[in-house]
């Protein structure tokens, strides 16, 4: 028999419908041996022998509820959705300076341009 895993999730739930949605998806998830959803504590405790943490997290997310933190077997686990994580790299534009000059002593005032703007 495999070891049982315990996953705990803190979930934003404002009503019985919210906790009911979590209850329904966990009830239908094959591999969950038992679970408890608490609207009062804003938590879901899930016990399983065959499912990994990410699978359970994704299932809870399908309800549209926000998962604010999680634990896997008593240790803090990420709730960040890798699908929404964006890592932008700087884009180098040909002909553009590496750094824009914005220091006051390097700015040049053109009185004719300023006067024409009025």
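Placement of Cβ uses the backbone N, Cα and C atoms for every residue, glycine included.
Curation does not apply to TrEMBL; its annotations are automatic.
Features of the protein shown, as given by TrEMBL:
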- 72-111: compositional bias 'Basic and acidic residues' (COMPBIAS)
- 4-68: domain 'HMA' (DOMAIN)
- 64-118: region 'Disordered' (REGION)
Per-state residue totals over the domain 'HMA' (4-68) - DSSP helix, strand, coil: 22 helix, 22 strand, 21 coil
Whole-number mean of pLDDT values that fall within the domain 'HMA' (4-68): 96
